[in-house]
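Note sheet for the following structure.
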Amino acid sequence: MLTAEEKASVISLFAKVNVEEVGGEALGRLLVVYPWTQRFFEHFGDLSSADAILGNPKVKGHGKKVLNSFSEGLKQLDDLKGAFASLSELHCDKLHVDPENFRLLGNVLVVVLARRFGGEFTPELQANFQKVVTGVANALAHRYH
């Protein structure tokens, strides 16, 4: 659970995020760092190298879509399970995504935010974001339980 101040800090920083760039980088890094996650994206074309993945327009497009969903979830921080119920159902029942991948993507997102925002991404802000990405990962994994 986040305090009102913690929520405000997350929302304030996220308002500065370019979802297309950050989403593409986060998903791209996930696919590079954890290559077994690529099996869910084989239809995206060339995923043969880090350069191919990070330059792949389908990876960038889906990363933007993922971050837009994350952004919508920030509007419902007190009901993340409700906010992500339909996506949890899709990823569990139709796509059969390993729920551990949600945690991995959240951690990669924190890395990308730290890289992009440098000193502005303080340890306290990192802790707040870590709470949020953990909550989102748990909400997305909810259907699996």
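A Cβ is built for glycine as well, from the same backbone N, Cα and C atoms used for every other residue.
Over in Swiss-Prot, the protein carries these features:
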- 1-145: domain 'Globin' (DOMAIN)
- His62, His91: heme b binding site (BINDING)
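The DSSP breakdown of the domain 'Globin' (1-145), given as helix, strand and coil counts, is 120 helix, 0 strand, 25 coil. For His62 (heme b binding site), the count of additional Cβ atoms within 10 Å of its Cβ stands at 18 [all protein chains shown].
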